[in-house]
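Student: When I checked TrEMBL for this same protein, it listed these features:
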type     : residues         : note
BINDING  : Q219, E269, N319 : S-adenosyl-L-methionine binding site
DOMAIN   : 241-304          : domain 'Methyltransferase'
ACT_SITE : C347             : active site, nucleophile
Amino acid sequence: LQVKYENQRKVLQTLASRLQELGVDVQKPGELCCPLRPVVPSPVINGYRNKSTFSVNRGPDGNTKTVGLYVGTGRARNIVCVRADHVKNIPSNHKHVAQCYEEFIRRSPLDSCILFHEGGHWRELVVRTTSHGHTMAIVTFHPQQLGQEALATQKALLKEFFASGPGAGCALTSLYFQESTMTRCSHEQSPFQLLYGEPHIFEDLLDLKFRISPDAFFQVNTSGAETLYRAVGELSQADGDTVLLDVCCGTGTIGLSLARHVSKVIGIEIVEKAIEDARWNAAFNGISNCEFHSGKAEAVLPQLLSSWEDTQPLVAVVNPSRAGIHYRVVRAIRNCKAIRRLLYVSCKPEGEAMRNFLELCCPPDPGKKLVGEPFAPVLAIPFDLFPHTVHCELVLLFSR
C-alpha cells in the first residue's frame with residue numbers, strides 16, 4: 001500500500017508540474033496538485049478476481065497447448081505461457097476451469113492458435129464468477145478455413161466435455177463460444193454463442209442485483225468496488241436536485257448505486273450488451289430514474305449536453321478504460337456550465353488519463369474549442385482494487 005501511495009504521489013506531482021507549464025496556478029513546485037489520501041485497502045486480498053483471462057501458448061516444456069499467463073517479454077523473445085496455479089489473486093475455481101480447458105484442447109486433434117497466419121484454432125479462455133456461485137466460461141476459437149459442419153462438431157465436443165465429461169466438475173452456469181479472427185471481438189463483430197447453461201450470471205453489489213453478459217464491464221474486485229462506489233457517492237455531493245452523468249457506465253453499477261440519492265441518472269456505454277444489462281438491472285431493482293444510452297461517448301455525450309439547461313445541476317462520473325476518454329468527451333464536459341463537479345476514476349492515471357486531466361484543467365483554448373471554465377483538482381483517493389499487483393484505482397475529484 002505504501003508503494004502504491006508513492007506511485008500515486010508521483011502522478012500528482014507530475015500533474016502539478018505539467019499544469020504549471022500551462023500557466024495554471026498550483027501549489028509550490030514539487031508539491032502535489034491536490035491533497036492525496038492514504039490508499040484505501042481492499043477488503044479481500046487473496047482470490048478476489050471475479051474475472052480471469054487465460055492465454056493459450058507454448059509452455060516452459062514446449063507444449064503449445066498450455067493454458068495460463070504469459071511470462072517474459074516480446075523484446076527478449078522469451079515469452080512462455082505458465083499455468084496460474086500459484087497466482088494468489090486468482091480464485092481456485094478459475095484455475096480449475098483453466099486446467100479442464102487445457103485437458104480438453106490437449107485431447108483435441110486441432111492445434112492451438114498462437115499466430116493467426118500460422119493457423120491453429122484454440123485460443124484464450126475467460127472465466128467469470130460471482131458470489132452467488134455462478135461460473136461463466138468463454139472460449140475463443142479461430143475458425144480459419146473450417147466449414148459450418150466442422151465448427152458444429154467442435155462446439156458439440158466442447159459442450160459435452162463441460163456438461164457431462166471431465167469438465168462437469170467445474171459446474172459451469174454458462175458456457176460461451178466465440179469465433180474470432182481478431183485479437184479482440186465485440187459481440188456485434190462476432191456474437192457470443194451460448195453452448196450450455198444460462199445466458200447471464202448475477203452479482204450483488206451495494207444491496208442491488210446486477211446481471212452480467214459475457215463482455216460487459218464489471219470491476220474485477222467486487223468487495224473493493226463497493227468501497228470505491230460508496231466513496232464516489234460521498235465525493236459527488238449529489239442530492240435530490242442533481243442529475244448524475246455516468247460516462248463509460250458498463251452494466252450501470254455506479255449510476256444505479258447512487259440513483260436513490262439523485263433526481264436522475266444518465267449512463268453512456270459503448271458495449272451494447274452492457275447497456276441491455278444496465279436497463280435490466282434498473283428494472284429488476286425497481287429503479288425508474290435512470291436512462292442508458294448505447295454508443296461511443298464522443299458521439300452520444302456532445303449531443304446530450306448541447307441542449308442541457310444550465311439550471312439543472314449535473315455531476316459527472318467518468319470511469320474509462322486505460323485509453324482514457326476521447327477529446328470530444330472532455331470538450332463536451334468542459335463546455336457544459338452545469339457540470340461543477342467531476343469524478344474521474346482511473347486504473348492508469350499516469351497514462352492517457354493524464355492527457356485528460358490536463359485538458360480539463362488547462363486555461364481556455366479557443367483553438368481547441370475548450371472555451372469552458374477550467375476545472376481544478378481538489379482531492380485524490382487511491383483504492384487498492386488489485387492486491388498482489390502494482391496497480392490501483394485512483395479517484396480524482398475536480399471542481400470549478
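A Cβ is built for glycine as well, from the same backbone N, Cα and C atoms used for every other residue.
Just so it is clear, the model here is predicted, and its values are computed rather than measured.
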Student: Using the residues the record lists for S-adenosyl-L-methionine (Q219, E269, N319), what whole-number Å value is the largest Cα to Cα distance?
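Tutor: Overall maximum Cα spacing for these binding residues reaches 15 Å.
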Student: Have a look around C347 (active site, nucleophile) and count the other CB atoms within 10 A of its CB, chains all included.
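Tutor: Result for C347 (active site, nucleophile): 19 neighbouring Cβ atoms inside 10 Å.
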Student: Inside 8 A of the center formed by the CB atoms of Q219, E269, N319, which other residues of the chain have their CB, for the recorded S-adenosyl-L-methionine site?
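Tutor: Here the nearby residues are F217, F218, C248, C249, G250, T251, T253, I254, V345.
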Student: So what's the average pLDDT for the domain 'Methyltransferase' (241-304)?
Tutor: 92
Student: For N319 (S-adenosyl-L-methionine binding site), write down the residues of its own chain that are at least 6 apart in sequence and whose Cβ falls under 8 Å from its Cβ; none is a fine answer.
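Tutor: Same-chain residues close to N319 (S-adenosyl-L-methionine binding site) (Cβ under 8 Å, separated by 6 or more) are D246, V247, C248, C249, G250, I254, V345.
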Student: Give the residue counts of the domain 'Methyltransferase' (241-304) per reduced DSSP state, in the order helix, strand, coil.
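Tutor: Helix, strand, coil within the domain 'Methyltransferase' (241-304): 30 helix, 16 strand, 18 coil.
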Student: May I ask for the distance between Q219 (S-adenosyl-L-methionine binding site) and C347 (active site, nucleophile), taken between their Cα atoms and rounded to an integer number of Å?
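Tutor: Roughly 11 Å, rounded to the nearest whole number.
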Student: Output the one of Q219, E269 that, of all these binding-site residues, has the highest number of other Cβ atoms within 10 Å of its Cβ.
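Tutor: Counting every other Cβ within 10 Å of each candidate, the maximum falls on E269.
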Student: To the nearest whole angstrom, what is the C-alpha distance linking C347 (active site, nucleophile) and E269 (S-adenosyl-L-methionine binding site)?
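Tutor: E269 (S-adenosyl-L-methionine binding site) has its Cα 17 Å from the Cα of C347 (active site, nucleophile).
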